[in-house]
Amino acid sequence: MAYSAKIGPSILSSDLSCLGSECVRMMECGADYLHLDVMDGHFVPNITFGHPMVECLRKSVGQDPFFDMHMMVSRPEQWVKPMAAAGANQYTFHLEATTNPGNLIKEIRESGMKVGLAIKPGTTVEELAPWANEIDMALVMTVEPGFGGQKFMEDMMPKVSWLRSQFPSLDIEVDGGVGPDSIHKCAEAGANMIVSGSAVIGSDDPRSVIALLRTVVAEAIQKRSLDR
């Protein structure tokens, strides 16, 4: 088993007026990576920030934090080079946003970033499957993308289970409404990269929430390896 438990706070849930210090705070609280939501007002109805912000954040927090860019944009091809230049580590695009995933995967790799491929709740996991061996991570959305604070969709877990059974060493991320109440379902299904927004950042004790999420996932991974 090549994958491990990783917790990535969604920084969109933090106080955006002090984003740099919030990123540092999350890393100090034990985050494994930072999940950055880019929304363009087209693919999703909301607008967040783009590569200039990422570049500033990278300068502010240094080279260590792993930036997982969740590109909720209608033309993901357009932002590959700018995001790479800004200091992004992983470029996660939506399958629904492109007509040529293979080309885009190649372009992201050539720019020096890891490749993530995301699917919305309405997209079947079988549509992602042809690309699974060419990507570093699959993201199964557990809410409709575009807004924070939505309720976790437990009916997305069969997608995660199917991916884990078909691609045993793939990094599988879940994003949307994930926190202490829903982490057991995610971990049992086989997710190992956990995006959590308000449950971590809005907590009085983010360190203990991150530790709890990681422990639950690590125990599920260990159990899976013993069961094989």
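A Cβ is built for glycine as well, from the same backbone N, Cα and C atoms used for every other residue.
For D37 (active site, proton acceptor), applying a Cβ distance below 8 Å and a minimum sequence separation of six or more within one chain yields S10, I11, L12, T48, H70, M72. Per TrEMBL, the feature active site, proton acceptor maps to D37.
According to TrEMBL, the active site, proton donor annotation covers D175.
Sequence-distant contacts of G146 (substrate binding site), defined by Cβ-Cβ distance under 8 angstroms and a gap of at least six in the same chain, are M39, V44, P45, N46, M72. Among the features that TrEMBL reports, substrate binding site is placed at S10, H70, G146, F147, G148, G149, G177, G197, S198.
Cβ-based neighbour count (10 Å, all protein chains) for D175 (active site, proton donor) stands at 25. According to TrEMBL, the feature divalent metal cation binding site maps to H35, D37, H70, D175.
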Spatial separation of G177 (substrate binding site) from H35 (divalent metal cation binding site) - C-alpha basis, Å: 14
Cβ neighbour count (within 10 Å, all chains shown) around H70 (divalent metal cation binding site): 27
Additional residues surrounding divalent metal cation, by Cβ distance to the H35, D37, H70, D175 centre under 8 Å: G8, S10, L12, L36, D68, T92, L139, V195
Which listed residue (G148, G177) has most other Cβ within 10 Å, given these are binding-site residues: G177
Additional residues surrounding substrate, by Cβ distance to the S10, H70, G146, F147, G148, G149, G177, G197, S198 centre under 8 Å: L12, S13, D37, V143, Q150, D175, G176
